[in-house]
Amino acid sequence: MGNQSEKKIASFKQKVIGYYFYPTTGICTLFLLANLYCGYALTIWGAIVISIITFIQYFCYNQISKSLEFGLDTDSYSIYIDILVLNGVIQLGSIIFDVFWYGYWIIPLILLYKGSLIIWGWLQKPQYAEEDKKDKKKKENKPKVKYVK
């Protein structure tokens, strides 16, 4: 009976990996064909851009599949899913309009926003005021307890 659950988990992993593999491969292929048709991929700069974008897609997909193989939960690879989806949307959109390339500014802007929140919270740390004389006297008059072993 123990093998049944392992088989279900293995089939689930294969199904989920397929959900990421086929769209990723399709988007990369469509992006490459569109750029070959326009002649952009034939330039050195175009080839560099396409290879970098394809590497990002491959890296994110590879990390997701490794996380699924190790049985990690979704929180461990959610950032790779976000980057994979963002990269796919930008690839599809950039086939039609070049303005979609500005979408890559989302990641650094989010990091800048989160970092500024951390720094702002650190700068706004409350300053502790000096204790009143009454509070000092109360602490001084506090009875001392002696524990006996």
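Sequential numbering from 1, following the chain as shown.
Using N, Cα and C of the backbone, Cβ positions are placed for all residues, glycine too.
Taken from TrEMBL, the feature transmembrane segment covers 16-34 (among others).
Remote same-chain partners of the transmembrane segment (40-59), defined as residues 6 or more beyond its termini with a Cβ less than 8 Å from a stretch Cβ, comprise 24, 27-28, 31-32, 83-84, 87-88, 91. The transmembrane segment annotation in TrEMBL covers 40-59 (among others).
TrEMBL lists 79-97 (among others) with the feature transmembrane segment.
Long-range contacts of the transmembrane segment (103-123) within its own chain (CB-CB distance under 8 A, at least 6 residues past either end) are made by residues 83, 86, 89-90, 93. Positions annotated as transmembrane segment by TrEMBL: 103-123 (among others).
Per TrEMBL, the feature region 'Disordered' maps to 129-149.
Here TrEMBL flags 135-149 as compositional bias 'Basic residues'.
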